[in-house]
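Participant: Just lifted these from TrEMBL, have a look:
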type	residues	note
DOMAIN	68-95	domain 'C2H2-type'
DOMAIN	96-123	domain 'C2H2-type'
DOMAIN	124-151	domain 'C2H2-type'
DOMAIN	152-179	domain 'C2H2-type'
DOMAIN	180-207	domain 'C2H2-type'
DOMAIN	236-263	domain 'C2H2-type'
DOMAIN	264-291	domain 'C2H2-type'
DOMAIN	292-319	domain 'C2H2-type'
DOMAIN	320-347	domain 'C2H2-type'
DOMAIN	348-375	domain 'C2H2-type'
DOMAIN	376-403	domain 'C2H2-type'
DOMAIN	432-459	domain 'C2H2-type'
Amino acid sequence: MKGNVSENIEAASTNYSSELNEKASMESKNSMGHFGVHSDSVVQEVEISDRAVMVKDNTMQDSSENIYICNVCGLAFRDEGELAKHSLVHSKTGSFTCEICGKTFSLRRFFKSHLRVHGKKKHCDCDICGKVFTDKKNLRSHLLRHNGEKLYSCEICSKACVTKHSLRTHLRIHTLERPYHCEICNRAFSDRGILKVHLRTHTNEKPYICEICSKTFKSKSDMRMHLRTHSKETPYACEICSKAFKSKNVMRMHLRTHTKEKPYACEICNKTFISKSSETKHLRIHTKEKPYTCELCNKTFIQVSHLKSHLRTHTNEKAYACEDCGKAFKERSALKRHLRFHTKEKPYTCEVCSKTFTRGSNLKSHLLTHTNEKPYACEICGKAFAARSTLANHLLIHTDKKPHSCETCKKTFKRKGHLQQHLLTHAKQKPHECDTCGEAFTLKSSLDNHLAHHEKEKPDIEVHGIAENSYIEQTEI
């Protein structure tokens, strides 16, 4: 709660200071007079504060007063101290510091106005959520969020916005305007708030803390989404398949799997993507950029998720366990794929022959069988393969490497499948059963050899009959 109050104070003070700056700018333009300082018969236009006087050169007015003019903006003062105080406006550091929040101000009147933010009197508080505002205007804008009223509509896409400011920010999506730049990495943003959150990636600042597990976050929206992991809340449901999501953005991206919409295209290879983040990750393939580095072995990665998965190879952590069989995995995606073996789910379908697969990668490899395309060639013997995994298995033929080891007898194998078959000999499992006689075998290859014996045991007349029919059919053809 304390964090929320300080956050409200900071937001209110920022808005209030911004309004005061605009107001002060307008007041200074209205209240400041113009006077001419004559030099060589040329009139110089100079602004003078309410503490200054109208002056002319010595030929026009005999005045003993000295006039002090600001070299930056031309504002004139009759007192040197006033000019010195004014000069703080143009400096980056303020002279008035708030002891409550540490915010600094260049002028006393701005500082005094800011102090009202911390005052005990709560000028405008929301009756619905209790949030406090410094003026009625901000409160009115806030109340629109509660009643769902959206007064401002985009003329390009008809999207409705609660405030004029949010409409202005939204319009930058269409104009591609990004006026806010990160001084560290030069990345540009359409909204000041997004830039503020982005800066925390450089400072590693995470001001939002989960009250349940103490996990910290860069933004309030990230924390809100995290809180749903505790409550299991999934408020955003897909209208097509009813699948529920914790985040509206994730639901929007999911909808594109139904509509096949891929609005983000790679400028280099024209490949399209569901989300901007997917496009950004893909671009790193072309640029060879790998911004995520393992602190233990210095290996670099394109995505932070790849780094997280890699880190588990050092810790040997298997955080994702199957509730059905207890098997544990290092990655959530691996558990998800494994669960399909229990559910028999095969969500990937070939549009050519309707064959289904448990993995998208298996479908991609299968599609190459229709085109007869074999893009993966062995650099040693030139043999080509439809799948990268098949090439990887083939390469082991050219080496003595046997990366798969049995933990029981230490026997090594070139292929993982061979190791899995071998493990059955230790477990005394015989999963391959003959449909004819019921005999079971540890290896499928043993069952295949056994079935060949049954074929030989069939009567000769039947074999001849089949052969004869085959011959007749061939003759007719």
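Positions of Cβ are set from backbone N, Cα and C atoms, glycine also.
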Participant: Going by DSSP, how much of the domain 'C2H2-type' (152-179) is helix, how much is strand and how much is coil, in residues?
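Facilitator: Each residue of the domain 'C2H2-type' (152-179) counted once, the result is 12 helix, 4 strand, 12 coil.
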Participant: Apart from its near flanks, which chain residues at least 6 from the ends of the domain 'C2H2-type' (264-291) lie with a Cβ under 8 angstroms of it?
Facilitator: 253, 256-257, 300-303
Participant: Who are the long-range neighbours of the domain 'C2H2-type' (432-459) in its own chain, taking Cβ under 8 Å and residues 6 or more past its ends?
Facilitator: 421, 424-425
Participant: For the domain 'C2H2-type' (292-319), give me same-chain residues lying six or more residues beyond its boundaries with a C-beta closer than 8 angstroms to one of its C-beta atoms, as numbers and ranges.
Facilitator: 281, 284-285, 328-331
Participant: Averaged across the domain 'C2H2-type' (236-263), what pLDDT does the model get? Just tell me the whole number, please.
Facilitator: 84
Participant: Is it possible to list how many residues within the domain 'C2H2-type' (348-375) are helical, extended or coil according to DSSP?
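Facilitator: Going by DSSP assignments, the domain 'C2H2-type' (348-375) contains 12 helix, 4 strand, 12 coil.
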Participant: Using DSSP, how many residues of the domain 'C2H2-type' (432-459) fall into helix, strand and coil, respectively?
Facilitator: 13 helix, 4 strand, 11 coil
Participant: In the domain 'C2H2-type' (180-207), how many residues does DSSP call helix, how many strand, and how many coil?
Facilitator: 12 helix, 4 strand, 12 coil
